[in-house]
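Asks: Okay, here's the structure, questions in a sec.
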Protein chains: 2
Amino acid sequence: MKSAKPIQNDINRESEEIKQLVSKFRSLNIQITPQRLVIASALTGTEKHLSVEDIHQIVRKKNSKIGLATVYRTLNLLKGKGLIEEHRFNDEFSRYELHTESHHDHLICIECETVIEFDQPVIEHLQDLAAAEKNFTIVSHRLQIYGICENCATANKKREKNPISP
Amino acid sequence: MKSAKPIQNDINRESEEIKQLVSKFRSLNIQITPQRLVIASALTGTEKHLSVEDIHQIVRKKNSKIGLATVYRTLNLLKGKGLIEEHRFNDEFSRYELHTESHHDHLICIECETVIEFDQPVIEHLQDLAAAEKNFTIVSHRLQIYGICENCATANKKREKNPISP
DNA sequence: GTGGCTGCAAAAAGTTTGCAAGAGG
DNA sequence: CCTCTTGCAAACTTTTTGCAGCCAC
């Protein structure tokens, strides 16, 4: 037989992710429940930074009875175990993403709210220097840059050339 | 006569600050009210990063009838006019400080919550580079470093040497 | 005088908690 | 089985809003 159908691949990917989550949970001493697996897989299934409400919506499509409180409790648990990271952009509510080995920072577009991740090891090094100067021991850090992304900048230029209202 | 008494100096400093605020308000087209002056002078009178509740407490000592809503409204107004800056450390509530010409970032102690300001122009330059690489136009940024300050580190070491409970 | 500001209370929005019933190991 | 988790609703926290009266200009 040849390769499976696309839909089958999706199911395979998903069940593969669930398997990995189960072993991750075991190794971290997290009790396994369907709710927790569905919530965690909402984050493994995307590269976006999801709000609690986003996650609640996604999760309800698979198990319509999951309550918002369970989503909050689970996210706090996973955060405590280091599986996911919490962010606050633009002083809004919390957003979550999977924790990855390599630390990265964020460029946030103030027009379309897109989040671009970037990595600047030299900046990290300079932070260490700045902290050392004040005898400060770094535990973690957060760097957020706000501005206009490439797409919005291009769109803005077009609008200037072809103004709808003069 | 010689120099004025210390208490008099305090009053002088304060009335001097009020005078400066009044002219600042005038130049920014902010209507002058006693409430607004008292709220703004709570921030000119300190280098700390005050929460809304902090400011409300301070302000009530001078004018006990000022409502929390007025504090919020005034802070939003002053923020909009660029007179003050809003920060969110450790995903808590908002804190405010006076806006200064030179941008600085923050070291936040996760034990005693002290905030130390620092300035690293080279980091700013590297941010520009990182943004340029993604064709991103920077509008503003926020860098927060969390860790242990010198005082707490020293205190922790002492505690290790002289443990109260073995 | 009158439009903007204030105080109060009520509402919003995001998040946490108490509790009885249910599920995991 | 016994503990930990869940769903629901209610509570809590921070911030915003509606409105009548008041104040700055």
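Using the three backbone atoms N, Cα and C, a Cβ is placed for every residue, glycine included.
TrEMBL: automatically predicted annotations, no manual curation.
When I checked TrEMBL for this same protein, it listed these features:
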type	residues	note
BINDING	A:His103, A:Asp105, A:Glu124, A:His141	Fe cation binding site
BINDING	A:Cys109, A:Cys112, A:Cys149, A:Cys152	Zn(2+) binding site
Asks: Starting from each candidate's C-beta and looking 10 angstroms out, tell me which of the binding-site residues A:Cys109, A:Cys112, A:Cys149, A:Cys152 has the most other C-beta atoms.
Replies: A:Cys149
Asks: Can you tell me whether DSSP puts A:Cys149 (Zn(2+) binding site) in helix, strand or coil?
Replies: coil
Asks: Under DSSP, is A:Glu124 (Fe cation binding site) part of a helix or a strand, or is it coil?
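Replies: Note: A:Glu124 (Fe cation binding site) is helical by DSSP.
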Asks: Looking only at A:Asp105, A:Glu124, which of these binding-site residues has the biggest number of Cβ atoms within 10 Å around its Cβ?
Replies: A:Asp105
Asks: Given the binding-site residues A:Glu124, A:His141, A:Cys149, which pass a C-beta cutoff of under 8 Å against chain B? Sequence order please.
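Replies: Qualifying residues, whose Cβ lies under 8 Å from chain B: A:His141, A:Cys149.
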Asks: Using Cα coordinates, what distance in whole Å links A:His103 (Fe cation binding site) and A:Cys152 (Zn(2+) binding site)?
Replies: 26
Asks: Hey, how far is A:His141 (Fe cation binding site) from A:Cys109 (Zn(2+) binding site), Cα to Cα, in Å?
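Replies: Cα to Cα, A:His141 (Fe cation binding site) and A:Cys109 (Zn(2+) binding site) are separated by 20 Å.
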Asks: For the recorded Fe cation site, enumerate neighbouring residues of the same chain (Cβ within 8 Å of the Cβ centroid of A:His103, A:Asp105, A:Glu124, A:His141, site residues themselves excluded), in sequence order.
Replies: A:His104, A:Gln120, A:Ile123, A:Gln127, A:Arg142, A:Leu143
Asks: Work through the binding-site residues one by one (A:His103, A:His141) and point out the residue whose CB has the fewest other CB atoms within 10 angstroms.
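Replies: A:His103, out of the binding-site residues A:His103, A:His141, has the fewest neighbouring Cβ atoms within 10 Å.
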Asks: Quick check: which same-chain residues outside A:Cys109, A:Cys112, A:Cys149, A:Cys152 lie with their CB within 8 A of the centre of the Zn(2+) site CB atoms?
Replies: A:Ile110, A:Glu111, A:Glu113, A:Thr114, A:Ile148, A:Glu150, A:Asn151, A:Ala153
